[in-house]
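Student: Submitted below is the structure of interest, expressed as structure tokens.
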Amino acid sequence: MMSFLFMMIFMIPLCFLKNMFWLVQMFLFILMFMFMNISMNLYNFNNLSYMFSCDMVSFGLILLSIWICSLMLMASENLFKVKFYDNFFLFNVMFLLIMLYLTFCVMNLFMFYLFLEGSLIPTLLLIMGWGYQPERIQAGLYLLFYTLFASLPMLLGIFFIFNEEKYIMMYFLKYLNLDLYLLYFSMIMAFLVKMPMYFVHLWLPKAHVEAPVSGSMILAGIMLKLGGYGLLRVMIFLQQTGMKFNFIWIIISLLGGFYISLKCFCQVDIKSLIAYSSVAHMSLVIGGIMTMSYWGFMGSYVLMIGHGLCSSGMFCLANINYERLHSRSLFINKGMMNFIPSMSLWWFLLMSSNMSAPPSLKVMTYKKLTNG
């Protein structure tokens, strides 16, 4: 695992050379194919060391992170043409990728928290530095305060576990069975806000609408999945309390997802529409994880991967429309099939995969979630 980390770190000097974004992008594709060749065991941790390890959950999300970061550079080609702080943008993307890689690989619960919150910094810089409207300041503050305030109780929960058990390594935590209500709520709420669950979702549409295409792609593709990944990790040692309280989150998320789906019918902003559909998808992920069954976990995991692939593509297509018409309004974007006929194919493929049509990855997801 360290070899891939050092490869990403040594790519950082390339970010400050002139006209090197194509080389960074090429190295990211090479890194992705190298990472795919790791031999993985389906049920156990692999390449286990004191600090780093990788299982199937981490493997898929790291692969998705590298893929989306390379696509972010492709989608932001206009930024490199006008030379708008392009070197710092490259550095920001690489730093974000390193933070995400460490978040998914690290086995220490405190280090996981550190890298989880550290990944917010480059995302915030993307929104505030390369966003479109002045309202991006407010969107950035919403993102920062919603996630940070919900995460502080989790930090206290990690300190409590370390004080009681004297270890916080993830592969030992499965032997714990803590029945403490305060610990349960402090650990769970941080991830529910990051998902986000209905009632604490207001930061997401604001952040998506004001973010540049790269910020929207990484937010929809990976940042929402951090909450699901964290829930998969902590629900292992919060099973006893989860049996008593998980039904609350299932009810809230499913009813909230239904209401958000209805709200999608009223949207006239393309990015806002895709953002609200992301909230509806994540509500199903929360419902699947909270069942604490094998089928629920697997269904939620596959849904996270499938949603990360198709929603980031939809944000990219929305940006292509925005760059040509300088508007995100559905009324102004009508009739684009006459101007760009080939793009209608991509809109059809990505929207059909978003609604789990057969060629997509998410076809079996809803069957798994129903079984769960």
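Any Cβ shown, glycine's included, is placed from N, Cα and C.
Note that the structure is a prediction, hence the values are computed from the model and not measured.
Features from TrEMBL:
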- 1-103: domain 'NADH:ubiquinone oxidoreductase chain 4 N-terminal' (DOMAIN)
- 107-362: domain 'NADH:quinone oxidoreductase/Mrp antiporter transmembrane' (DOMAIN)
- 20-38: transmembrane segment (TRANSMEM)
- 50-75: transmembrane segment (TRANSMEM)
- 87-104: transmembrane segment (TRANSMEM)
- 110-132: transmembrane segment (TRANSMEM)
- 139-162: transmembrane segment (TRANSMEM)
- 182-204: transmembrane segment (TRANSMEM)
- 216-238: transmembrane segment (TRANSMEM)
- 244-262: transmembrane segment (TRANSMEM)
- 274-295: transmembrane segment (TRANSMEM)
- 301-318: transmembrane segment (TRANSMEM)
- 330-349: transmembrane segment (TRANSMEM)
Student: Do any residues, 6 or more residues outside the transmembrane segment (216-238), come within under 8 Å Cβ-to-Cβ of it, and if so which ones?
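Tutor: For the transmembrane segment (216-238), the sequence-distant neighbours (Cβ-Cβ under 8 Å, at least 6 residues beyond its ends) are 57-58, 61, 64-65, 68-69, 71-72, 75, 96, 100, 103-104, 112, 116, 119, 123, 126, 170, 173-178, 183-184, 187-188, 190-196, 204, 207-208, 271, 274-275, 278, 282, 285-286, 289-290, 292, 297, 300-301, 304, 307-309, 311-312, 315-316, 318-319.
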Student: Is it the case that the transmembrane segment (182-204) and the transmembrane segment (274-295) touch, counting contact as three or more CB pairs under 8 Å in which the residues of each pair are 6 or more positions apart?
Tutor: yes
Student: Excluding the flanking five residues on each side, which residues at least 6 beyond the ends of the transmembrane segment (139-162) place their CB within less than 8 Å of a CB in that stretch?
Tutor: 109-110, 113, 116-117, 120, 123-124, 127-128, 131, 168, 173, 176, 178, 183, 185-187, 189-190, 192-194, 196, 200, 202-203, 206-207, 209-211
Student: At least three Cβ pairs under 8 Å linking the transmembrane segment (301-318) and the transmembrane segment (20-38), pairs spaced 6 or more in sequence?
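Tutor: Counting Cβ pairs under 8 Å (6 or more apart in sequence), the transmembrane segment (301-318) does not reach the transmembrane segment (20-38), since there are fewer than 3.
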Student: Could you tell me how many residues in the domain 'NADH:ubiquinone oxidoreductase chain 4 N-terminal' (1-103) are helical, how many are strand and how many are coil under DSSP?
Tutor: 74 helix, 3 strand, 26 coil
